[in-house]
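K.L.:
These came from TrEMBL, pasted as-is:
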SIGNAL    1-19  signal peptide
DOMAIN    55-241  domain 'PPIase cyclophilin-type'
DISULFID  CYS166-CYS289  disulfide bond
BINDING   ASP190  Mg(2+) binding site
Amino acid sequence: MIKHLLLISSFCISLSACAQDTDNQAKIIPKPTPTPLSLESGMKGENWRKIEPENIVVITTKYGDILIELNPEFAPGHVARFQDMVKARAYNGKEFYRVIDGFVAQGGIDAEDKKWPPLEIEHEQPLLEADQIQLLDNDDLFAEKVGFLNGFPVGFDAEKKWLLHCPGMLAMARDSDPNTGGTDFYITLDAQRYLDRNMTVFGRVISGMQYVQKLQRGDKNIEGGVIQSPNKGDEMISVKLASELPENQQPNYEVMRTETAGFMNSINSKRVRSDPFFFNTPPQVVDVCDVEVPTELVDF
């Protein structure tokens with residue numbers, strides 16, 4: 001029997017002003033005055049961070065390679081489990097067996113495999129004074145505040161922080177009990193923010209999202225989108241950590257530090273629509289899931 005991702009009912013949270021001052025809990029980066037800082041690859045250095053090879057997963061499909069950055073800060077138990085399963089080649093030859101257009105692409109192993117017991121959910125973490133969150137200073141429907149921490153979209157309040165279900169996020173599937181996930185995972189094809197704080201999100205696609213979007217679809221009205229026989233889901237030909245590859249084949253990715261003025265400039269480019277095309281000037285707001293964190297493959 002294959003474990004299915006729980007379809008949590010949609011909900012909308014009515015947000016009020018935060019009752020507590022989060023500035024005392026975490027270092028919120030103030031909005032800087034826009035500067036002409038270039039986002040070109042030649043500007044790399046202290047404004048960029050290297051993704052360690054052990055935190056990059058390479059999923060090979062017939063369409064191409066999907067590369068995922070894992071986030072042990074938010075979900076250390078799930079990241080460790082995923083790394084262990086990848087090293088054990090548990091996903092090799094398995095399928096993306098449940099793919100629903102505009103929702104998720106889900107894959108994994110036989111849920112009856114007792115080698116990998118369920119994990120305790122890691123849906124949120126304490127907000128720390130050391131957290132350097134780049135605040136996105138406009139209202140959000142699902143969280144008191146949203147922003148970016150170390151390249152990942154986050155929501156937070158006075159006490160907790162959590163990763164968001166923006167497009168291309170990696171999370172663990174589960175049953176109704178929150179503590180039943182641990183083997184099967186999904187990648188969001190579009191934003192699914194109503195799932196925030198209900199699932200363990202532990203990574204994001206950094207390359208190959210176009211291949212995720214090509215995966216064989218199921219019918220959402222038949223067994224929750226599980227692909228039906230005689231059709232088959234697309235195979236994960238191999239799943240490896242980048243650190244397992246020969247050193248000269250390991251992909252070297254760098255991510256712009258999201259606490260920098262350069263990253264805020266990239267947000268402002270979406271927030272401020274000053275092009276003459278806009279004869280009706282749009283409001284200066286931007287959705288957290290519409291912000292792309294600059295991530296680049298650096299030559300060996």
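Yeah, the Cβs are placed from backbone N, Cα and C, and that goes for glycine too.
Where the annotation comes from TrEMBL, it is an automatic prediction and has not been curated.
In the displayed structure, how are the listed features positioned relative to their neighbours?
P.N.:
Within the same chain, residues at least 6 positions away in sequence whose Cβ sits under 8 Å from that of CYS289 (disulfide bond) are PRO153, LEU164, CYS166, PRO167, ALA191, ARG193.
Counting every protein chain shown, the number of other Cβ atoms lying within 10 Å of the Cβ of ASP190 (Mg(2+) binding site) is 14. According to its DSSP assignment, ASP190 (Mg(2+) binding site) is coil.
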K.L.:
Note the mean pLDDT of the domain 'PPIase cyclophilin-type' (55-241), expressed as a whole number.
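P.N.:
Mean pLDDT, the domain 'PPIase cyclophilin-type' (55-241): 96.
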